[in-house]
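Features of the protein shown, as given by TrEMBL:
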{"type": "TRANSMEM", "residues": "6-27", "note": "transmembrane segment"}
{"type": "TRANSMEM", "residues": "51-70", "note": "transmembrane segment"}
{"type": "TRANSMEM", "residues": "90-108", "note": "transmembrane segment"}
{"type": "TRANSMEM", "residues": "129-151", "note": "transmembrane segment"}
{"type": "TRANSMEM", "residues": "163-184", "note": "transmembrane segment"}
{"type": "TRANSMEM", "residues": "191-209", "note": "transmembrane segment"}
{"type": "TRANSMEM", "residues": "240-259", "note": "transmembrane segment"}
{"type": "TRANSMEM", "residues": "271-296", "note": "transmembrane segment"}
{"type": "TRANSMEM", "residues": "333-358", "note": "transmembrane segment"}
{"type": "TRANSMEM", "residues": "379-400", "note": "transmembrane segment"}
{"type": "TRANSMEM", "residues": "406-428", "note": "transmembrane segment"}
{"type": "TRANSMEM", "residues": "435-451", "note": "transmembrane segment"}
Amino acid sequence: MAIHAEGLVAIVIFYVMILCVGIWAAWKNKNSGVEGGGDRSERIMVGGRDIGLFVGGFTMTATWVGGGYINGTAEYVYLPDYGLAWAQAPFGYALSLVVGGLFFAKPMRSRGYVTMLDPFQQLYGKRMGGLLFIPALMGEIFWSAAILSALGATLSVIVDININMSVVISALIAIFYTLVGGLYSVAYTDVVQLFCIFLGLWISVPFALSNPAVSDITVTAKEIIHQSPWLGKIEPEDKWLWADNFCLLMLGGIPWQVYFQRVLSASSATYAQVLSFLAAFGCLVMAVPSVLIGAIGASTDWNQTTYGSLPPKDRDESDMILPIVLQHLCPPYVSFFGLGAVSAAVMSSADSSILSASSMFARNIYQLTFRQSASDTEIVWVMRFTIFVFGALATAMALLTGSVYGLWYLSSDLVYVIIFPQLLSVLFVKGTNTYGSVAGYIFGLLLRIGGGEPYLKLPPFIYYPGWVTQERIHHQRFPFKTMSMLASFLANVAFSYLTKYLFESGLWSYKYDFLDAVVSKHSKEIMDKDTLVSNHDNIILSEMAPVKQSLGASLAGTFINSEILSDDGASSPEAFHNEN
């Protein structure tokens, strides 16, 4: 196999630069958040809560702008049956950040949570927190594996190096600087990586556009030249499927630990909201070169290039259109800049996901569930161990599992269907309890799994209206993912209020409240204040007040947590501490 020496040198230089930045960030901030009495484990998880607007905006943008984002956007714009109309990620994730900033960033940051799972364990108990950890972990690990797999394929296209070697080396570097510096290293390397993505792709676009084999993309946008117009269109029978996928991106992009890790690292609730809005704008800007590269791929006469007569879509290589354009339509030295962009995009997402998964495990599973008396040093070592384990697991899946993208699609659906309605309930609906949470979890899981998953060749056992069979595979055109999410949310609320009424009215004896969710709100199942906030009186525990027998209240006051929706109140955990 012929290795391009220039490309290999470019990769080595890029990786050394990223590694140096990660180590420098860890050294520079080694005492941040600890001098004032903070825990070292919390500093690793949320960066001492002093991430500024510049670094915070870059790292939150880089959370979404990963290898899957730039490769997937280019792929959908290129595909003849989809086009720009189906490239939903840029607008979907941008709106996800806007919605998250408007409604979710302030209550989460104001209460001083450390991970996304904290409010669930506070209200629903440690066992329910463990159940919700499963889809959250699956999403992070499968996402890391999917983008590492994409990186290996990209490097093999441009540089002709061994896929396994490239994946392992990339993963080891990301794991190492994440181990050393935690969120600080991840955040500072994200700044460099995002700059490399922007610079690398924008340098490549003019050269690809000027290639003689490429037709005018303004013409191919609406006319058939080499294939269908790259603007694409939404057929009437697919409008509900399109809406379902868009809602999944917009709302399902919120309940991820990688997002809330940035929110919770901000110096105040207001900063957390501003970071979300900045990242929304950044996502749109970073998608532009990917859209152009997809349009270039659809406008190219591949018979005039070194790629060959058959276009990528006929070789089943549409998912690699971005590196193919860089390789065959740009000069070699320019394609290496683009290669650096792809590598940067992958590492900026992989390190974030690995850190997020280890943070949730160390705090919400190990500390709050099994070792409530664990020392701060012990938690730090558990985090380091799980960073290595989860990183190794994602790497192994990238190398050994052919259906890693199918696993990612399914797990991201489960995050949307299960965790998002639970997050809505725990933050904005009064009176939900563990019984409702369990019911919502089961309803969402069954309705989503019941719809099947074509990428995994998982057959459905629930045939929603409008299903079709193509090439012996069942496809659901009904918006069953959003329907499953709504059913999960309604089940949570309904079963919570039903069990509350049954116990408080005396129809069911208190002894049957085996989850201690209605009657015994101060049981050991709900962690005590000191354990949950790790020696910081940061979290308002009004939800853990004794159950009141009075059933009379206004409808809005009964069902809506108006304190969360109010603009009044503290914008930092310190203010809550003073109030208490």
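Residue numbering: from 1, along the chain as shown.
From the backbone N, Cα and C atoms, a Cβ is placed for every residue, glycine too.
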Positions whose Cβ lies under 8 angstroms from the transmembrane segment (406-428), at least six residues beyond its ends: 68, 103-104, 107-108, 116, 119-120, 123-124, 132, 135-136, 138-139, 142-143, 145-146, 248, 251-252, 254-256, 397, 436-437, 440-441, 444-445, 447-448, 453, 455-456, 458, 481, 484-486, 488-489, 492-493, 496, 560-561, 564-565
Whether the transmembrane segment (129-151) meets the transmembrane segment (191-209): three or more C-beta pairs under 8 angstroms: no
Selection from 163-184, 191-209, 271-296, 379-400, the stretch that has most Cβ pairs under 8 A to the transmembrane segment (333-358): 191-209
Which of 51-70, 191-209, 271-296, 379-400, 435-451 contacts the transmembrane segment (6-27) most, counting Cβ pairs under 8 Å: 191-209
Spatial neighbours of the transmembrane segment (191-209) far in sequence, C-beta under 8 Å, 6+ residues away: 14, 17-18, 21, 54-55, 58-59, 61-62, 65, 70, 217, 282, 285-286, 289-290, 292-293, 296, 325-326, 329-331, 334-335, 337-345, 347-348
Paired segments the transmembrane segment (51-70) and the transmembrane segment (379-400) in contact, 3+ CB pairs under 8 A: no
Per Cβ pairs under 8 Å, the stretch of 90-108, 240-259, 271-296, 379-400, 435-451 packing most closely against the transmembrane segment (163-184): 379-400
The transmembrane segment (240-259) versus listed stretches 90-108, 271-296, 435-451: most Cβ pairs under 8 Å: 90-108
Tertiary contacts of the transmembrane segment (435-451), as residues 6+ beyond its ends and Cβ separation under 8 Å: 120, 124, 128, 131-132, 413-414, 417-418, 421-422, 425, 458, 460-462, 464, 476, 480-481, 483-485, 487-489, 491-497, 499, 515, 517-518
